[in-house]
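Before any comments, here is the structure.
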Amino acid sequence: MKQLVERFLSYVSIDTQSNPSAPQCPSTEKQLNLANQLVIELKELKLADVSVDKNGYVMARLPSNVDYDVPAIGFVAHMDTAPDASGENVKPQIIKDYQGETITLGTSGEELNPTQFPDLKNLIGHDLITTDGTTLLGADNKAGIAEILTAIAILQANPEIPHGDICIGFTPDEEIGRGANLFDVEKFNAKWAYTIDGGPVGELEYENFNATSADVICHGVNVHPGTAKGKMINSMNIAAQFQLMMPTDETPEGTEGYEGFYHLKSMESGVAKTELGYIVRDFSREGMAERKAFMQQKVDELNEKLEKGRVELILTDSYFNMREMVEPHPHVIELAKQAMTACDVQPDIKPIRGGTDGARLSFMGLPCPNIFTGGYNFHGIHEFITINGMKQAVDVIVKIAELNALNNK
């Protein structure tokens, strides 16, 4: 467990925040700092086929230790952290034997309160790693990286545990939706894989949102305010009218489970032009089609009211629900469930209210459900992880590798 924690703390000390505004891959050069460190560690573990390409994708392989054919499987995690909060100068706190108290996050004035974060009530006796309240932690997804490498080290140190080829992949830019864009599935050469990018212990996910970006562009006319009567058209007022036409109960803060939403995420405004940036989510293709049609209907209604085509809608699909690509391969899910049960972990199968690299990879021919890391409150200063949960993730990875070999003997 010490080795696991040391790896994790080493990784979170490296700022790898991605940048959605940068077109290149990786979107930030600093992601390569972690990629290069991981290459060194993979070579120290004497793994085969260790590589990092110009875009920051890291790959390696632990060769099979059995003399019969076993399907190669993969484990994938991402190196970048979310743009939502700073990932620079992360100062983790380790809370030993948590007993239900409110945790003070450094000197920031922020805290983890069990009333606000009730998951803490289920973690009595656990060792926690938190932030100091000024940055995110980076458990999403550096915990996954640490867990994968620790599991590989355990397999190497215990050759009596049978396993086939284990393929390892670490990706850039997952948090900005591009993690799988340049992933070389053929080079990776696994039959299926698992992203280690989930939350609390037991999470096993093979459904995710269908995702679309919706840009609503409102055009106005700017005239000096002193002579504006009958001439000025304020695009911000048009944008406000459009937002008021959207359902107030179908937002992230008002939905859960399999419910989709519209989320106004950004706005760039001026009198002459205002752009509203929405993300639209739904678990079914039919539901997504209805949401797109609804937005277009509201744009058309507003344009008719304004008597001029002053509102545009640009829809861009981001990713799709991997369920349709994973369900034809039920053994992929059954193996993960079998491994969790063998490790005294209760599988908690639920939809991902978001996306992972695995969603894109599944549509690229690599079925790739998602497994827990043991972390909570990703993307913000209240992010934390349990060391106990990290250890359980390692155990499950090792057991998946072992059972895959035993099941194919």
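Any Cβ shown, glycine's included, is placed from N, Cα and C.
Counting every protein chain shown, 27 other Cβ atoms lie within 10 Å of the Cβ of HIS78 (Zn(2+) 1 binding site). Look at HIS78 (Zn(2+) 1 binding site): DSSP puts it in a strand. As annotated by Swiss-Prot, Zn(2+) 1 binding site applies to HIS78, ASP140, ASP197, with the evidence given as sequence analysis.
There are 30 other Cβ atoms within 10 Å of the Cβ belonging to ASP80 (active site). Marked as active site by Swiss-Prot: ASP80.
Secondary structure from DSSP puts GLU175 (Zn(2+) 2 binding site) in a helix. According to Swiss-Prot, the Zn(2+) 2 binding site annotation covers ASP140, GLU175, HIS379.
What Swiss-Prot records for GLU174 is active site, proton acceptor. Sequence-distant neighbours of GLU174 (active site, proton acceptor) (same chain, 6+ residues apart, CB-CB distance under 8 A): SER18, HIS78, ASP80, ASN141, ALA180, ASP197, THR356, ASP357.
Those same-chain residues not listed among HIS78, ASP140, ASP197 yet with C-beta within 8 angstroms of the centroid of the Zn(2+) 1 site C-beta atoms are ALA77, ASN141, GLY144, GLU174, GLU175, THR195, ILE196, THR356, ASP357, THR373, PHE378.
Every protein chain shown contributes to the tally, and the Cβ of ASP140 (Zn(2+) 1 binding site) ends up with 26 other Cβ atoms within 10 Å.
The Cβ neighbour count for HIS379 (Zn(2+) 2 binding site), using a 10 Å radius and every protein chain shown, is 16. Note: the Zn(2+) 2 site is recorded as ASP140, GLU175, HIS379; in the same chain, THR81, ALA82, ASP84, LEU136, ASN141, PHE378 also have Cβ atoms within 8 Å of that site's Cβ centroid. The two recorded residues, ASP140 (Zn(2+) 1 binding site) and GLU175 (Zn(2+) 2 binding site), show a Cα separation of 9 Å. DSSP gives ASP140 (Zn(2+) 1 binding site) a helix state.
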